[in-house]
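As recorded in TrEMBL:
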DOMAIN    10-338  domain 'Kinesin motor'
BINDING   89, 90, 91, 92, 93, 94, 95, 96  ATP binding site
COILED    480-586  coiled coil
REGION    633-661  region 'Disordered'
COMPBIAS  639-658  compositional bias 'Basic and acidic residues'
COILED    782-855  coiled coil
């Protein structure tokens, strides 16, 4: 080291406050800190103020913290000074975030990176600027876990033992620690990532990723400066991420986490003792306990030694952490009083030797240059390195471009996939909804009904046409027989005329030879012409008769074809009716399932209403408890205020010399001691009430957030529950009431914290010790304390006895409550069993009704098939009754047929007319409503069965299924 007088530089302190985290916001925590604009000052509560070198409020970014507080240390690092950045604070206050202890290479351009990655970046940027120096960089990374030093850069299982040694010249050295040389920023970041992955972290109630060890990342910078490259400078930068101080009550630590917390607090206590010893000017020459902890041994040069040191004190602004925040602020305030003596780390003898060696090398180079042969080689080598470097840059930029292109393409594809997935989920949700299923079933039933109606219309038209064709055929049969007779007669007449014609032709031929018979020949010629005319007429009639026969044959073919079409349409109609029946059955099953689900939901809703009523009662009880706690807190606040006032009065009286005598010592000490005890008891009671108020505010904040979520989601409040004769208030009114009550809690918490801050000052312990000035005072104080202890023990024993009695009574009440709950549970199970039985019986009755509908449909099919057989037989009965066609004298009724349009009976009086023509089926009628009442006996059976069903269903009017619609009797 240089022989220059080292300058004394204090430890610089940067205070950084993080924002309120969502957990604290949800718990209703308020900010207890006030930052003075333009000044490095922070005010706790309303009066207590602290001043530091740098103060960063919650809005400060990482870049601002680095540029303002950390960057000046790097300038000294390149000048040869050691530097240390130390992050201290409560667990969960943002130390690791500020230091960048979880940094990875993927966060290179992230603006939220911490101190360590920014330091790495700036060191290499500065190295590129200093072209006149040669640099050698090395890094090491260690953690102190349960007072054991662990090497984070050594991946081997057989790690060497690490020990701490102190060198008079080089200071603290760590033997066995891995130190890696690095040449690029990427390599240094790789070492940081390797160490971060090996660090010990754990989850606590205050931090999901809490550091369970102290970590120190050390960068060693060796540089050879000057044009002559004579002097060598070695400087170190320690980046320390301390584990946070924690309380088991808040972290809920157990097992290994509790042991880790104890070890962490022990190390931080040792660090606090070192800071107190170094920062107290009255203890300037006292012993500094560096050896109490390995942490303080490693930081020996950083605290009061050869280093520029910056402490980043991280705090939480939440009033629930106000006590820990005060401790951190006091800790940092004491650290500002520590004085360091940094010097430039240069060894003069080594520098002289290096200068001589460099001079020899330069002379040798000059000698070789004079002889020739080296410079061209060196210049060619440099040019080759330059070309390789250019090629490497080109390849690197190309790889980055392709990588970014593929990432963008993947992001676009993923976004399109997400959109399609969301649309698919919406369509699936719509298809699975009961409304969609019901609408689909209704549309399908309407479509099938429409097809059935159209089919019935076409079928009825074709049946009517076939019926007319059959009637025409029956009318043509006698005409056909008569026609055949006429044909035979005509044929015989044609034959006779043909013979007569031939005879006449022969006679004419013979008459030509005999002139005497000329007159007779003329007569015969006329007769021949008449016969030819008759023969032509007869042939025409024969031709017409043959056409009629062909027409009859074509009519028979058309009738058979129509019958085939009618049969096919009837088959299609049967299939449609079967399909409608199947769809109706599926819909009935689905509706039954949904009804059961509705019943289950109603049961859940009933239980939820009961739970709401129970919660309302619990809320009222909780409100009463909160009211009582508020009153107790106000009383404790008043007692604390009175105790503080009494203490000030006693302090003034103690200045009076009249009580300085031996005879007044007992009274004076007793009054002073009892007053101090009262102050301490009042302070502890105020702390207890403060903790209760914080818990109550947390509950209120959770309730407010829950109600706000319900309001944002558009949920309607539950049905109004009557409590103490009043209806439940709306959600918005509840939120307003709870926010008002929360504001009251915040005011009480702030008041109590201010009082505790005044009572719990740093000089309180010193004042208490100064109150005892002699042996007599000490004896009097001991006597008073013994008396108070005996009284307290007696009162405690009495209270314990009463507590045991109350616990016995509470146990008896709990046993009675358990018995009552068992009885209620048994009754509830019986009630559920009854509901299940009734539901099963209801299901059975519905199945019986469905079977009855099927029987009705089967009767309808039998009647249709019977009609089809009658149509296929081509036998049609026609009655000509003069009455009502109500007895078997009617031909149609006798043949078990209904009267048709061709019957000659009086249609307006006829009771045998078919009133259920398929073409008259209404478009809104369902399949289950179709019925045929041809058989009176079947109607009577149906009516009797429905009457029995009605009597059975009406027997459950007061049961769970009383909401079912009863079946109307059919007359």
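Placed from the backbone N, Cα and C atoms, the Cβ positions cover glycine too.
Where the annotation comes from TrEMBL, it is an automatic prediction and has not been curated.
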**Request:** Tell me the Cβ neighbour count for residue 95 (ATP binding site), meaning other Cβ atoms within 10 Å of its Cβ, over all protein chains shown.
**Result:** 26
**Fill in**
For residue 94 (ATP binding site), the number of neighbouring Cβ atoms whose distance to its own Cβ is within 10 Å equals 22
**Item:** Chain-internal residues, separated by at least six, CB under 8 A from residue 93 (ATP binding site)
**Value:** 18, 244, 314, 315, 316, 328
**Asked** Using DSSP, would you call residue 90 (ATP binding site) helix, strand or coil?
**Response** strand
**Message:** Under a three-state reading of DSSP, tell me whether residue 95 (ATP binding site) is helix, strand or coil.
**Reply:** helix
**Prompt:** If you average pLDDT over the coiled coil (480-586), what do you get?
**Reply:** 73
